[in-house]
Amino acid sequence: MLPITAFIALLLSGCSDNKAQAQRKIQGIVYCAEANPVSFNPQVTTTGSTIDIIANQLYNTLISIDPLTAEFRPELATGWEISEDGKQITFTLRKDVTFHNTDYFTPTRTMTADDVVFSFNRLFDVYNPFHFVGDANYPYFQSVGMDQLIRQIVKVDDYTVRFELFSSESSFLSNIATDFAVILSQEYAMQLVAQERKQDFDMLPVGTGPYKYKGFLRDNLIRYHKHPDYWKHDLAMDQLVYDITTNNTSRIAKMLTKECDITAHPSATQLETLAARKDIRVDKAVNLNVGYWAFNTEKPPFDNVLVRKALAHSIDFQKIMKAVFYGNGIQARSILPPSSWAFQTQAMPSYDPERAREFLAQAGYPDGFEMDLWAMPVSRIYNPNARKMAELIQSDLREIGIRATIVEYEWNTFLERVGRHEHDSVLLGWAADTPDPDNFFSPLLSCTATFSGKNPANWCNPEFDLLLTQALDTSDLQQRKQFYQQAQQMLIAELPVVPIAHGMRFQASNTSVMGIELRPFGGISLANARKN
Amino acid sequence: MFADFLFRRLSLLLFMLFALTAFTFALNYLFPGDLLTNFSGELNANFSQTQILEQKYHIDDNLLIQYQAFLVRLFEGDWGLSLSSGQAVFGHVKQLFPATIELCVYALIMALCLGIPAGVIASAYHNKWPDKVISSLTLLGFSIPVFWLALLLIMIFCLSLGWFPMSGRIGLLYEIPPVTNFILLDIWLHDFPYGGQAFADALHHLTLPTVVLAMYPTTVLVRFTRDSMLTVLEQNYIKTARAKGLNRRQLILDHALRNALLPVIKQIGLQFSTLITLAMVTEVIFSWPGIGRWMIESIYQRDYPAIQGGLLAVSFFVIFANMLADVIHTLLDPLARNQAHGKV
């Protein structure tokens with residue numbers, strides 16, 4: 001028995017370590033992330049979890065967007081000038097910006113126009129040695145059509161770069177300010193070419209951000225060290241470590257045991273437990289996103305607007321907000337979230353089974369019909385539980401005589417099949433990458449999106465497309481607003497999609513951590529984060 | 001005599017290894033999916049790559065040659081690539097296995113330090129209260145499922161009291177370069193500016209997983225030591241010693257213990273296979289970056305090359321550990337050698 005008591009005493013004495021830990025000099029922030037990054041270069045992915053981890057910590061962009069005023073801010077470019085016709089944009093670059101000095105690369109020069117030209121050329125220029133490295137797939141820039149827009153990128157002098165466009169487009173600057181438009185080191189790229197290790201380019205990153213890459217152990221951790229010569233400030237901690245914890249509950253538990261300083265995406269049901277603790281702060285951020293129900297408008301009976309109206313009137317939005325969002329979301333009043341500058345409240349279809357039945361009868365389906373309802377298998381900000389939402393809608397539809405079958409596939413298969421328009425109707429959503437309203441319309445509902453398999457409503461309306469083009473062609477904000485408001489009205493009148501809700505983005509952090517920037521669009525920035 | 005025994009053991013070992021590798025080799029055919037992918041872990045190989053792989057794996061030759069090529073690759077450390085990470089399976093095994101062994105070794109040391117003394121005490125106070133307390137605690141520990149115990153301890157000591165961390169080997173901010181992969185040794189080897197704190201932190205992380213993993217072998221050792229001591233204490237030479245007037249301490253420590261421990265040593269070796277199995281569960285619960293957690297993860301992801309590699313490594317290890325315990329036991333106990341021959 002004695003040894004057991006002795007051992008317990010020993011264990012208990014271990015607890016006095018708590019004090020030592022509080023005083024420890026080792027500095028750093030531990031962030032519990034929900035997934036492994038798929039790459040270390042934001043150019044080649046749009047995966048939200050990956051962007052959160054890599055974009056703002058390792059890299060800088062030419063310009064950024066102020067999350068409050070939505071104005072452009074200088075970053076690596078100190079200024080920019082747009083020519084009269086809007087086809088030439090000239091950036092003046094910041095001097096003395098140093099790239100990361102890592103185990104695998106020692107920079108000999110600071111950032112110049114060559115790096116900027118190289119970074120963007122990789123995306124568009126088939127002669128760039130890195131264009132075909134990886135899958136030659138640059139999802140964000142390809143989906144917004146930037147490759148069709150840029151004629152060439154010219155180095156004017158060492159610190160001036162000019163983008164020449166085929167036509168002027170008002171969302172160009174917003175796209176240059178996304179997390180995907182990072183500046184990479186040309187010198188590093190050339191070194192890899194010389195060493196014949198081109199494939200390492202996206203996995204061993206070199207950027208200009210506040211932290212530099214140190215190591216990545218799959219399913220385990222990612223370690224960043226401080227970039228000592230960061231051009232902006234000296235706030236960075238010695239280390240930034242990402243603890244990869246895919247299990248939702250484990251992540252919250254680690255937050256409670258203080259193994260994490262910051263935790264990504266706690267689920268709505270866990271918020272109460274977290275909020276009850278004094279040492280944990282729960283941040284809610286309005287995020288530019290929308291969860292919607294899209295109908296395959298090319299398939300009968302969904303090609304009939306009366307049927308779409310009947311379906312829209314049949315669902316009880318209040319119930320969905322309560323059961324799926326737990327009160328942590330806003331009911332949609334348009335496809336645009338209220339924080340967007342082009343937002344205008346629309347007369348949304350209300351819950352009214354009587355009217356729904358009337359519309360059905362008018363459309364020639366007094367006895368209803370059978371349909372598929374696809375529910376996405378993963379939780380997203382704009383729809384934390386699509387399965388549950390689908391079940392609620394299913395029971396609402398039964399009220400008006402429509403028999404809906406819920407269909408689920410593995411996430412990638414799901415997206416692929418939706419892209420091939422195999423569905424009747426689908427619950428999906430969209431989170432914006434820029435505050436520009438076009439980001440909600442063009443990638444989701446334009447005709448080009450239909451061809452590239454992105455338009456889940458399979459809806460191609462030339463009138464609507466014209467509105468979008470007109471909005472992009474002008475840089476007069478008032479005029480753009482008008483075009484977008486017309487577009488929103490048209491969507492509610494035609495209902496290719498029923499906007500359901502805008503979700504909130506949540507994050508839990510230890511109260512000793514300050515300066516976390518949770519952006520309403522794009523990823524999270526820990527560039528200014530520090531721990532007291 | 002001993003050489004003869006060793007020879008028998010080694011031939012048995014060889015046969016076991018043959019059976020094991022043959023089984024692993026067969027798995028490539030038994031797993032669903034493309035044979036070449038199962039062998040190499042190379043997904044979406046293009047035409048020229050496929051041809052190179054076909055040559056390397058002797059796909060067009062008969063099974064014996066394929067098996068031979070498989071053995072050669074095995075010894076060269078070419079265990080294919082993991083389907084989920086795209087990195088060499090052997091590299092993963094080399095990196096992760098020491099963490100598992102570390103956990104098992106600490107648990108075994110703890111089990112020895114607690115189990116043997118507790119067993120001795122129980123036998124010394126046979127049928128008195130210490131014996132009863134120890135026996136009932138042992139029964140309790142023996143009956144608790146390891147995952148349940150782990151969750152219980154996490155709930156009490158991590159979440160409610162906040163005394164211990166619940167995952168990993170060390171605070172992630174301590175950057176310890178792996179040399180031996182035994183975390184405490186590595187901290188000691190590496191001249192780390194926060195060495196003392198890192199050491200304390202590592203111990204802190206080790207405590208709960210070690211306690212959980214040690215529970216089962218401890219209870220087994222307590223019971224074995226107790227039973228074996230009781231048998232020895234019944235022997236005539238002990239009675240003689242007692243008649244000579246030796247006190248209890250002398251009787252047990254000087255006369256009974258050495259003989260009583262012999263069967264216990266054999267038991268320690270046998271515990272290793274159970275220990276590795278339990279370690280897998282423990283690793284998953286405590287996010288311990290060992291081979292068990294990796295294998296379970298691989299099974300989820302249908303990562304066949306990784307499953308094969310993990311299986312081979314773990315089975316090799318268990319077989320060797322058992323053999324080693326057997327040999328050591330025989331070295332210490334000459335009687336066992338005769339039994340091993342089937343002679344009297």
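If you go along the chain as it appears here, the first residue is 1 and each next one adds 1.
Using the three backbone atoms N, Cα and C, a Cβ is placed for every residue, glycine included.
Unlike curated entries, TrEMBL annotations are predicted automatically.
The annotation domain 'ABC transmembrane type-1' is assigned in TrEMBL to B:97-329.
The transmembrane segment annotation in TrEMBL covers B:12-31 (among others).
The transmembrane segment annotation in TrEMBL covers B:105-125 (among others).
A Cβ distance under 8 Å defines the sequence-distant neighbours of the transmembrane segment (B:137-164), meaning residues of its chain 6+ beyond its ends; these are 118, 204-205, 207-209, 211-213, 215-216, 218-220, 222-223, 278, 281-282, 285-286. Summarising the annotation, TrEMBL assigns transmembrane segment to B:137-164 (among others).
Summarising the annotation, TrEMBL assigns transmembrane segment to B:202-222 (among others). Remote same-chain residues near the transmembrane segment (B:202-222) are listed as 103-104, 106-108, 110-112, 114-116, 118-119, 122, 134, 138-139, 141-142, 144, 146, 149-150, 153-154, 157-158, 164-166, 168-171, 174, 183-184, 187, 264, 267-268, 271, 274-275, 278-279, 282-283, 285-286, 288 (criterion: CB distance under 8 Å, separation of at least six residues from the stretch ends).
Per TrEMBL, transmembrane segment is recorded for B:268-291 (among others). For the transmembrane segment (B:268-291), same-chain residues at least 6 beyond its ends with a Cβ under 8 Å from one of its own Cβ atoms are 93, 96-97, 99-100, 102-104, 107-108, 111-112, 146-147, 150-151, 154, 166-169, 208-209, 212-213, 216-217, 220-221, 310, 313-314, 317-318, 321-322, 324-326, 328-329.
Positions annotated as transmembrane segment by TrEMBL: B:311-332 (among others). Using a Cβ-Cβ cut-off under 8 Å and counting only residues 6 or more beyond its ends in the same chain, the transmembrane segment (B:311-332) has close neighbours at 2, 5-6, 9, 13, 16-17, 20-21, 24, 27, 74, 79, 93, 97, 101, 262, 265-266, 268-270, 272-273, 276, 291, 295, 340.
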